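What TrEMBL lists as GTP binding site is A:7-14, A:32-34, A:49-52, A:GLU60, A:ASP82. The annotation active site, GMP-histidine intermediate is assigned in TrEMBL to A:HIS48.
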Amino acid sequence: MPELILGGARSGKSRYAEQCARDSGLEVVYIATAQALDGEMQARIEHHRAARPPHWRTVEAPCALAATLAAQAAAGRCLLVDCLTLWLSNLLCADAESLLATEVDALSAVLPQLPGQVLLVSNEVGWGIVPDNPLARRFRDEAGRLHQRLAAQCARVTLVVAGLPLTLKESS
Amino acid sequence: MPELILGGARSGKSRYAEQCARDSGLEVVYIATAQALDGEMQARIEHHRAARPPHWRTVEAPCALAATLAAQAAAGRCLLVDCLTLWLSNLLCADAESLLATEVDALSAVLPQLPGQVLLVSNEVGWGIVPDNPLARRFRDEAGRLHQRLAAQCARVTLVVAGLPLTLKESS
Amino acid sequence: MPELILGGARSGKSRYAEQCARDSGLEVVYIATAQALDGEMQARIEHHRAARPPHWRTVEAPCALAATLAAQAAAGRCLLVDCLTLWLSNLLCADAESLLATEVDALSAVLPQLPGQVLLVSNEVGWGIVPDNPLARRFRDEAGRLHQRLAAQCARVTLVVAGLPLTLKESS
């Protein structure tokens, strides 16, 4: 059953998700949504990569997340997607903007059918002042809606604060 | 007893409050604080209105919230105020700025005396970087102070994250 | 054992920490990290000071927090540090920027050895949209990393929302 792991920037959500993946005892495939478009982003990607066990396979999925999950999921395997907010951001910036609704629907449709374990990491971005920038407002609306939709589908939802997990949902 | 429902943007707090109102089994009056000053705001208002049951009565209260609550509250009735942050924003932007302290005091005074059920929805806005804009800083200070003050008066306070309620306070 | 008290702007985290200090029954020393660099900051400092019991001693530690804690800590004494985010901000703005890593390491090293009670107040700042400003991005990264590191060292971690404490960690 899929799990959603939410948290602010530098909340330790990625580290917590990686610990969950390690603890699963399953083969781990890391689904990276980041694109190294500038030096700062490249540095963040390297920082995260260096913290992961070297035997984890990495698959890049900047946009086609549903298709990548469908292709990679298997019984006895744990897919760790880090993170949904960058994926949303990639879709919003893509030339074909209608891609976003299609890809979000595809993710929502494929999620309940995936074998094995799936961990979805995402950023909370809507707890500040309304941004001046219309694209930023659109982004936080899309992120918020995505989190609500996926949280309803996930068996477990965790909010990470200062590296500490707070359980928001746990289906028995 | 009044209830305070907090959450970030697109956290599902309005939907959660509407579900609480439905579950109450009481006659619901929706107290709308939004003003349709531009197209984006108008679209948000329509989006929210379309999601509500058509038999709920809507009363607009962009500024005079305490007076509206006093006039509308009744045993067997549930008032749903959505949302306090827009009301604060309206008061901050009003010509007579001293209105804000007066209206906040009036709300705080009337709240414990209202018959029936009252649900207050509000946005958490203070979890980001300090805004450059002095008005935005003032706004998040006022919102934070208002939340503290009302939370102390409410029987129940809930934080909504990704559509999931987290109980912060529950008086027995 | 040290305690970490987190919250957004105007969440009531300072007031909550002050209540904890009062409830400890210990002699309280208030460690102030704020610097009154402008009128708005001066007003905030005065506002906080007026809310504290007059017999609490105040020690200023805008940068040298670890040394101040080591000098002030004593059995039967409660040190209340308010707040870590201003201290981080002071270090980031200091001429000698390498100070930050040194001071953070020093705080982390001294913390488990301090006698008496230590309450650390800090702001959550990473729950909004990624800031445009590179210094703001750096700041929220440093704040997030600091919170993770200190939370792992603290016996108790509390998130304050609307004046209400939510326990994130409690070691028995």
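Glycine is no exception: its Cβ is also placed from the backbone N, Cα and C atoms.
When other Cβ atoms within 10 Å of the Cβ of the residue listed as 'active site, GMP-histidine intermediate' are tallied across all protein chains shown, the result is 17.
Applying an 8 A CB threshold to same-chain residues 6+ apart, the list for A:THR33 (GTP binding site) reads A:GLU60, A:ALA61, A:PRO62, A:LEU65, A:VAL81, A:ASP82, A:CYS83, A:LEU84, A:LEU86, A:TRP87, A:ASN90. For the binding-site residues A:ARG10, A:LYS13, the greatest number of Cβ atoms within 10 Å around a candidate Cβ is found at A:LYS13. Residues from the set of recorded positions A:LYS13, A:THR33, A:HIS48, A:ALA50, A:GLU60 situated with their C-beta under 8 Å of a chain C C-beta: none. Reported as a whole number, the C-alpha separation between the residue listed as 'active site, GMP-histidine intermediate' and A:ARG10 (GTP binding site) equals 11 Å.
Comparing Cβ neighbour counts within 10 Å across the binding-site residues A:GLY7, A:ALA50, A:GLU60, the minimum falls on A:ALA50. A strand conformation is recorded for A:GLY7 (GTP binding site) in the three-state DSSP classification.
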